[in-house]
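Just below is one structure, and these are the notes that go with it.
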């Protein structure tokens, strides 16, 4: 009896196409490679179920606390609104620092054309803030404009890890270097080597190339959260008790002192 998928020959068009969408033969490969191909879906399913149950329990109302609360429904809603505004102001205040730090980090890890855009935005926003200007709705709109570039950058970097894009744009080609496309794993179909194309071979490169995808993902996440928070009507409302808290027009020198200098010393120590 013929083995399953016997018609798939290594490095033929159909085998490449199926391998690019995640369908591979699992015969005659190592346990580690088989686990690498099979594990993502079960792990993602289990993680999603665990977090769903966990968050559902955390957000579920406590009946005993509601019964023992003598406040009226209006008072409870007012307290919930105040708490929501307090957390919103905290997220907005801290998020601005996070956006600036991540923009700078994503720009310098792998210099590229898109990274240059991130760095120009970082310099422009930091200069605007240093002039004691406020980062409010205009800043949120700017972040919304950057989001498609970050998303496209993430998709391009992810797609470049497959065999066909690496064959079309070699690692040392001009366009690959322009856009900071670095292969983190390669699949070889060279007849001179006995390496199986289904084997995951990770490239021995500098640490910045491996951190760059995580920086881009974090940048996309924090841009989406911060822009959404800033565009809400309550994001610009402050009470008298908030005067001592960091404000949206806090000079950027505080940002430089507390965040950039420690980051500079860490990078200096690594290098």
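Just so it is clear, glycine is given a Cβ too, placed from its N, Cα and C backbone atoms.
Keep in mind that TrEMBL annotations are predicted by a computer and have not been checked by a curator.
According to TrEMBL, the feature transmembrane segment maps to residues 139-160, out of the candidate ranges 7-28, 139-160. Predicted-model confidence for the domain 'Piezo TM1-24' (4-244) is 82, expressed as mean pLDDT.
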